[in-house]
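These features come from Swiss-Prot:
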- Cys73: active site, proton donor/acceptor (ACT_SITE)
- Cys180: active site, proton donor/acceptor (ACT_SITE)
- Asp9, Ser10, Tyr41, Gly42, Asn74, Thr75, Thr181, His182: substrate binding site (BINDING)
Amino acid sequence: MPKNILIFDSGIGGLSVFKDIRYQIPLAKYIYAFDNAGFPYGELTEDILIERTSYIIQKLCHRHKIDIVVIACNTASTVVLPTLRTLLSIPVVGVVPAIKPAALVSQKIGLLATPATIKRSYTFDLIKSFASISDVKLLGSTRLVEMAEEKMVGIPVNLIELDEILKSWKGQVDCIVLGCTHFPFLRKEIKEILGRNVLLIDSGEAIARRVKQLLGSVDANKGDHLFGEVYCSASTKNEEALNKTFKELDFNPLQTLGYPKSLDR
């Protein structure tokens, strides 16, 4: 039987991680879930983050025989991993900003993340541990997350707006850590604003290697074509556009998981 891999994010940015994992583990069954009712996670309290992610992930683990959970959200990963690892008996992998590899190639680093991620002590500990001699500039933006989501459903990125967000970094950084899984979908536009020579680094490939290591051998026939399942936490007006995106990635049509509690921000 193929392995069942659950990938979770607040939105569809986690598809950047899915693509890296599928490249290394093509013969697996993928379940992708996103909490669109709670989006964006960078604006939620830690208690609400833990409550929402725990409920949704446990529900899907009961529905599918999940072998490993990937929290494809930097904001959630800095908060929910200890709780999930207590609740579940299977491996739970999170994503963290790729500060360490960035520090190996540059001393003028920019960390681009959500407002929540750049404020967390975990992020400052990473910088202290792996980039203490580097000049690390921090920029947190919820709007960039929204722009990535919009791009994925066919809305062009507004380069004037993007330039306004990133302009303080022009000529100041030569390596940018994409500290949110949504941001790899904005690679082209970020380079248009900051220059083609700026190096962009994310955690996707490293996460994929870790998942492959934890899963071990994947028992599936090469001739098998496995369609993935995708869930959202609430109905969405973008369902048609999202289904087109997911179909191109070999997922079945979007299903609404439902979340019983209203979101109190």
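In case you wondered, yes, glycine gets a Cβ from its N, Cα and C as well.
Under the three-state DSSP scheme, His182 (substrate binding site) falls in the coil class. Sequence-distant contacts of Cys73 (active site, proton donor/acceptor), defined by Cβ-Cβ distance under 8 angstroms and a gap of at least six in the same chain, are Phe8, Asp9, Ser10, Gly13, Gly14, Tyr41, Val95, Cys180, Thr181. Around the Cβ of His182 (substrate binding site), the same chain contributes Gly11, Ile12, Gly13, Ser16, Leu144, Val145, Ala148, Glu149, each under 8 angstroms and 6 or more positions distant in sequence. Candidate recorded positions: Tyr41, Asn74, Thr75, Cys180. Fewest other C-beta atoms within 10 angstroms, Tyr41. Binding residues for substrate (Asp9, Ser10, Tyr41, Gly42, Asn74, Thr75, Thr181, His182) extend across at most 12 Å, taking the greatest CA-CA distance.
Annotation for Gly42 (substrate binding site): same-chain Cβ neighbours under 8 Å, separated by at least 6 residues, are Thr75, Thr114, Pro115, Ala116, Thr117, Gly140, Thr142, Val145.
What surrounds the substrate site, by Cβ distance within 8 Å of the Cβ centroid and not counting Asp9, Ser10, Tyr41, Gly42, Asn74, Thr75, Thr181, His182, is the set Gly11, Gly13, Gly14, Pro40, Ala72, Cys73, Ala76, Thr114, Val145, Cys180 from the same chain. A simple way to gauge crowding: the CB of Asp9 (substrate binding site) has 30 other CB atoms within 10 angstroms, across all the protein chains here. Reduced to three states, the DSSP call for Asn74 (substrate binding site) is helix.
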